[in-house]
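Okay, structure first, notes after.
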Amino acid sequence: MAPELRLAVQFASGADDLPSRAQIRRWVAAALEHDAEITVRIVDADEAQALNRAYRDKDYVPNVLTFEYGEIAPALLGGDVVICAPVVEREAREQGKPLGHHYAHMTVHGVLHLQGYDHVDAADAERMETREAAILKRFHIPHPYHS
């Protein structure tokens, strides 16, 4: 049985070509391994940088930030995924990827972080990248780390 998902999607960006709520829901659900209550918020650079500075003590604009709340109820994972629209747009352009593919990747990447995946060392990065690629393949999206 698929994990239960309670999802809120917030658009706080002036970008034109944002994914739909339905697309975001599909990407989140595909990456989910546990019942969860998640907010995905798409923001502009100022908000992403302010959050990165306030919560990670890093003064740059990230592509995605994840705020894990752990179990907010028995067996219910909680957290926020914040995606910076201008950075995702720039990276997609620089990498020659369709914008929707890169939004899917950043969404999946953030949801995996909520579930404990990371890329601190090579073994963890390989595990996370393999999982990302398998999820994205379901949407006919090529491996995000291979050209």
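Glycine too: its Cβ is placed from the backbone N, Cα and C atoms.
Keep in mind that what you see is a predicted model, and the values were worked out from it rather than measured.
Other Cβ atoms within 10 Å of the Cβ of His119 (Zn(2+) binding site), summed over all protein chains shown, number 16. Annotated Zn(2+) binding site per Swiss-Prot: His109, His113, His119, in sequence order.
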Packing count at His113 (Zn(2+) binding site) (other Cβ atoms within 10 Å of its Cβ): 20
CB-centroid shell, 8 A cutoff, Zn(2+) site His109, His113, His119, site residues removed: Val64, Thr66, Gly110, Leu112, Tyr117, Asp118, Met128, Glu132
For His109 (Zn(2+) binding site): intrachain residues, at least 6 apart, with Cβ closer than 8 Å: Val64, Met128, Glu132
